[in-house]
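What follows is a set of notes on a single structure, which appears directly below.
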Number of protein chains: 2
Amino acid sequence: MGTPVSEKAVTASEKNVAASEKAVTTGPIEGSVKHYLQVDGLRVPQRRVNLTNGEHLDLYDTSGPYTDAAAVIDVERGLSATRDEWRRPEPIDGVATQLAWARAGVVTPEMTYIAAREGVDVELVRSEVAAGRAVIPVNHRHPESEPMIIGKAFAVKVNANIGNSAVTSSIAEEVEKMVWATRWGADTIMDLSTGKDIHATREWIMRNSPVPVGTVPIYQALEKVNGDPTALTWEIYRDTVIEQAEQGVDYMTVHAGVLLRYVPLTAKRVTGIVSRGGSIMAAWCLAHHTESFLYTHFDDLCEILARYDITFSLGDGLRPGSIADANDEAQFAELRTLGELTTRAKSYGVQVMIEGPGHVPMHKIVENVQLEEQWCEEAPFYTLGPLATDIAPAYDHITSAIGAAMIAQAGTAMLCYVTPKEHLGLPNRDDVKVGVITYKIAAHAADLAKCHPRAQERDDALSRARFEFRWTDQFNLALDPDTAREYHDETMPAEPAKTAHFCSMCGPKFCSMRISADVRAYAEENDLVTAEDIDRKIAEEMAAKSEEFVAAGNHVYLPISEANPAQ
Amino acid sequence: MGTPVSEKAVTASEKNVAASEKAVTTGPIEGSVKHYLQVDGLRVPQRRVNLTNGEHLDLYDTSGPYTDAAAVIDVERGLSATRDEWRRPEPIDGVATQLAWARAGVVTPEMTYIAAREGVDVELVRSEVAAGRAVIPVNHRHPESEPMIIGKAFAVKVNANIGNSAVTSSIAEEVEKMVWATRWGADTIMDLSTGKDIHATREWIMRNSPVPVGTVPIYQALEKVNGDPTALTWEIYRDTVIEQAEQGVDYMTVHAGVLLRYVPLTAKRVTGIVSRGGSIMAAWCLAHHTESFLYTHFDDLCEILARYDITFSLGDGLRPGSIADANDEAQFAELRTLGELTTRAKSYGVQVMIEGPGHVPMHKIVENVQLEEQWCEEAPFYTLGPLATDIAPAYDHITSAIGAAMIAQAGTAMLCYVTPKEHLGLPNRDDVKVGVITYKIAAHAADLAKCHPRAQERDDALSRARFEFRWTDQFNLALDPDTAREYHDETMPAEPAKTAHFCSMCGPKFCSMRISADVRAYAEENDLVTAEDIDRKIAEEMAAKSEEFVAAGNHVYLPISEANPAQ
């Protein structure tokens, strides 16, 4: 929280600080302030939107200290190692994972924090983790993180992928990608970096990330063998996992379900294997004519992950890459194997989630969730979209948001975002924001559909603001206040328009919202609430005004009972 | 299609022509050519995409002659009155509507045209129209239109709303809005113009529109009484309907279900009445304390619409304007009345579709379709979105595409688009394009989910192009080839990249698509097709290579039967 003095004290170079401060986005989201719940000595962040009518709404907040106007950000030092100060329970039979504690009935500080954050009872958190239906991805070595939960009983989460470019120029630039994604609502990020500075880049991200960070260790392992999949070995892979574990990676995608025997099942597909990890392992299996080392060494891997409480994200290396390949034999064969691996991982006390497709037409979406739950002990499902059609490159954030909303409604716990650049190129800053916002929409639509207890509060608050022409509140309650305001101001930029009882769609002369406010006033004046009140009122008025009606211009009045027998 | 001479001959002013030619977008969509099917003397347009591998794909085409390189466009003369040359069947008992003919077993040229366009049997077209499950909106006085069908047995359609600004500057500018929307796939347009030049603007649009045009006559009627809803009368409304009918309007939204007794049911809503037509009629009913003239004169209206074969679009004036108000008493009370009106309209031989919401959370979407079908004789449902959440102004094309895809999957026949400017302001040219493309995605996703016979062809063609690195084909098969190409070229602009076997996401060194092509080659070389082939192959190789495996570096090979008992 620092002062100007301490801010200077921690800085190695004035020049670097200037660059950092410029590159990392800080400060509250427009119209919001950081607010902290105090729970059992824990400080749980929320985004508070103060409304112009004197009310406020507190929202789930993923953005970390970067949106706290009082926080001093120094990316070279990193965030505070807050979780190191928390009391960690004793290991259960030598295992110190959230799963082991939950099963033993132990409530961890992380569970308490999450319950406050989600607005649910802590027992729900503990029991869902114990059942393996939810995971809390928190590597002991990532004490900077603000704990969160991934599970179908909780708000649907969103992951954003980031990755460094070939030439990294500064810590701040790398950190900014994470900061930018979490500012708009990413609940976790995956660092998919490739290239030379992969270790240093990840270190910067870990030390500055308030959200769990996932990786795909096979990517870095592949770099170590100069990009030749056939040169990979278990030892190289294992050392890479340990290297990343030590840095604090919270969850790891492992494509251990790509078995040799499944690979040729993809040969007749329209789009073969489209997962990078899946095709690396397929190439390895084919070249060596032997089973994947990820599969044969899976128990060794479980022992490593258990030590850090890293969560498995069992990768779907054979996921479909097109509508044509959805729900095929290769995909579901791998899913069955992921179920087997889930059981094995949990026997080590390791938390598990399962990755899912990809590209799936709407009528085949629910089956994915059903089989995943059936075969994988209801481990949290974590899907990439899925895209509901293949015909709209440049709009795949939208094609996939349709699938994502539906699969989340069916029970998927976390959605991996897709940006407009999917299939076409590397996303830029704007693409990342659009991808995150689009996926927050899908996740929230699913929360509403699942009747999540706190989901509709925000819709109602925004709708009331809309109906009452509180334009500023409408903007500030939006997922993206900046763009909402910008679009409004394109046609009505003046400040008085923010309280005007119309917008440029209909203009001032006629506005349906205004008229319906008149309806409300009428109903209140006349004490009309139920259909019976209305019938009574109409009957009274008909009697009193029937002559007036006739005189008013030959309006034939049909008594309602005759005109509309269905009523 | 005319010569330079005739082009000049029809032109009143050289200056105007120059302005027109500049303002109206003509020429084929990138990578496509206009192609015509010849069927029973009819010329049915398609968009043909010629692929680089020598194949081609013909797509449904809504864009009219504007995308025909051979067509000469003159907006002051208008399009050819093609349908006037078609043989029109004799009226059935004095009624000359597609519904009357369909019920009498008569196949009209419009039905033949549509069957070719949709790739279905003409009997399906006739029987669905006869059952009232589909409509063909074709006013006899809109002979320029290319007939299309709206019904759940056919491809899901998309409507785009356009409307003039207060000051119209030229024919071409007004026509361009329609041309632009249909270029990207709008199947119908609604002209929601208000203001002084409303009649002339509509005339320009009608004479140049290759798609059916819908209107909401109450808007123009309101202009005639200077915007005061309480000053409306049946006579003013009737005359407006006739004026628009004479111009060729193909379908009309009529909010005849907003009954006086339903109005106070909206008083306790979060967002009251949000339909413009609905609130006009509510204001009228309240002010006059009498039943809506649209309801009391509905039979008179049917007689007018039957004369022109104008299709009713029975408006949902009490649709919900927020998640909180979805599926409430007011909404469903009106829907029941629309069912009663459907029966009445069809007794006059008038075609009917039913408008639907609006704002609906995902879990309440299907009920809307079920009740509509149950109460309204399965008349085609035509919905506005619905938005699946209210929290994302500036992204309501996306919030609503989620709802639109789902409601279309459930049976909705046409989707009214929503642009990014919804709730915020007037959409511009870019917004219209984004809105149309987004809704084409929703419609197509539903076609896939409904297993429409021709829907998946395009997905498969694009996916194959993607897998085979035919970048140009991938762009040209996309809903928006221009943006797909532009996004790709941001990071890889050089022409050779269009055939490169990688993109900027993974770079040249490693590409999963390339590796999976290797898998395919492997499977083909080794004749591996089924899981049994693979088992056999693995067994053979294990025997032959077991020593080699051991020597290769301590890779423990688990026999598949032991390692994965589930298989």
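Here the Cβ of each residue, glycine as well, is placed from N, Cα and C on the backbone.
According to TrEMBL, the residue from B:Tyr219, B:Tyr237, B:Tyr395 that belongs to the substrate site alongside B:Asn161, B:Met190, B:His255, B:Ser275, B:Arg276, B:Gly277, B:Asp316, B:Gly317, B:Leu318, B:Arg319, B:Glu355, B:Tyr382 is B:Tyr219. Proximity to chain A (Cβ-Cβ under 8 A) holds for B:Ser275, B:His423 out of the binding-site residues B:Asn161, B:Tyr219, B:Ser275, B:Gly317, B:Tyr382, B:His423. The Cβ of B:Gly277 has fewer other Cβ atoms within 10 Å than any other of the binding-site residues B:Gly277, B:Gly317.
Within 10 Å of the C-beta of B:His423 (Zn(2+) binding site) there are 23 other C-beta atoms, taking all protein chains into account. The binding-site residues under consideration are B:Tyr219, B:Tyr382. Their Cβ neighbour counts within 10 Å are lowest for B:Tyr219. Listed in sequence order, B:Val274, B:Ser275, B:Gly278, B:Gln331, B:Glu355, B:Gly356, B:Pro357, B:Gly358, B:His359, B:Leu384 are the same-chain residues at least 6 apart in sequence whose CB falls under 8 Å from the CB of B:Arg319 (substrate binding site). Taken residue by residue, the domain 'ThiC-associated' (B:30-87) breaks down under DSSP into 8 helix, 22 strand, 28 coil. Residue density at B:Ser275 (substrate binding site): 27 other Cβ atoms are found within 10 A of its Cβ, drawing on all protein chains shown. Residues B:Asn161, B:Met190, B:Tyr219, B:His255, B:Ser275, B:Arg276, B:Gly277, B:Asp316, B:Gly317, B:Leu318, B:Arg319, B:Glu355, B:Tyr382 are listed as the substrate binders, and the farthest two of them sit 20 Å apart at their Cα atoms. The binding-site residues under consideration are B:Asn161, B:His359. Their Cβ neighbour counts within 10 Å are lowest for B:Asn161. In space, B:Asn161 is the closest of the binding-site residues B:Asn161, B:Gly317, B:Tyr382 to B:His423 (Zn(2+) binding site), judged by Cα positions.
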